[in-house]
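Chemist: Relevant sequence annotations retrieved from TrEMBL are reproduced here:
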TRANSMEM  75-93  transmembrane segment
DOMAIN    97-257  domain 'Sodium/calcium exchanger membrane region'
TRANSMEM  165-186  transmembrane segment
TRANSMEM  198-216  transmembrane segment
TRANSMEM  236-254  transmembrane segment
TRANSMEM  292-310  transmembrane segment
DOMAIN    307-395  domain 'Sodium/calcium exchanger membrane region'
TRANSMEM  316-341  transmembrane segment
TRANSMEM  353-371  transmembrane segment
TRANSMEM  377-396  transmembrane segment
């Protein structure tokens, strides 16, 4: 096979002749995760007319890449927080400032990673593209979890992942339903229940894996020592994590291969309705190798900022609302347990009674909200209010966590009832 030189960037006018199969974009959309679909609303159309007037082709490609990757998001202004975070760390400014700047810089990076994986999917095909979106979509949580575990901050990992799941179930979904209901105030919106059912089955399985280690503690008799209970909980958590990862792999096979039609049906209807008004063929806006280079570079920057976050999080409870709840519950959480295991760190799936109860109620409330396949603004409002109630619960919580739970937390009266590592 002859090799084709890959330019650093390609302009929109070149896309049609760049070897992208016709209709591939519609297939690629079937492999998108919930995070990819929601983050697409943050993107904006790039105007490359001025760049195309640059006489040097190489410079034109570089400027085109910068325009598409850096300025192609409504969050572009937040990129300024990245150098400010580096400067703040270099001059040893206050930890809250470094923490805030790092989290601000992570926000556009996470959205751009989603964009870049979709661009690569144009060249790799829908199957590999779906796998890229499924794994890279949660890169921020994974990196923060691994760095936190390397610093033996198990509590940071648990609370950040719990916060991600709850925020996706209640805040992100609630906001989407509320805004969609307001925009369609006079009619009821409908969606395919089959997709939601699959996700809730998996979330309930994940909830079972969280409940059993917690129940072991309450089922143990007085003869069982605390160390024995913790050992049983840890062994069960590690076994459950392996099972959860197997379930996640099966979920990807189910979604991308064997039952793709379940995830295509609703989108086909939306495509038909949209094509009645205008026909648009999605094409890549950057080349494969340039996209790969940008993805690798942004992953390194995410790792740097995540290190700042982990190093400065002393009395701040972290909850990064990125990625879908199912992926975090069945992929990031069990993978964190396995990674901790390889590091010799004892991290289990026991999130304690309050945290596990909030997770259970969040899943149940969301399931009942979506059970009839319809949505309106009232459903979204209720989900958001439930999130506020749960947030208020943790805000006022002053109960010391018992020893041996893996959370290692003690109450602190500063920062509105935050927690510090023991």
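Every residue, even glycine, has its Cβ placed from backbone N, Cα and C.
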Chemist: Any residues 6+ beyond the ends of the transmembrane segment (75-93) with a Cβ under 8 Å from its own?
Modeler: 42, 101-102, 104-105, 107-109, 111, 301, 304-305, 308
Chemist: Can you see whether the transmembrane segment (353-371) and the transmembrane segment (236-254) are touching - at least 3 CB pairs under 8 angstroms, only pairs 6 or more apart in sequence?
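Modeler: No, the stretches stay apart by this measure.
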Chemist: What is the three-state DSSP composition of the domain 'Sodium/calcium exchanger membrane region' (307-395), stated as helix, strand and coil residue counts?
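Modeler: With helix first, then strand, then coil, the domain 'Sodium/calcium exchanger membrane region' (307-395) has 61 helix, 2 strand, 26 coil.
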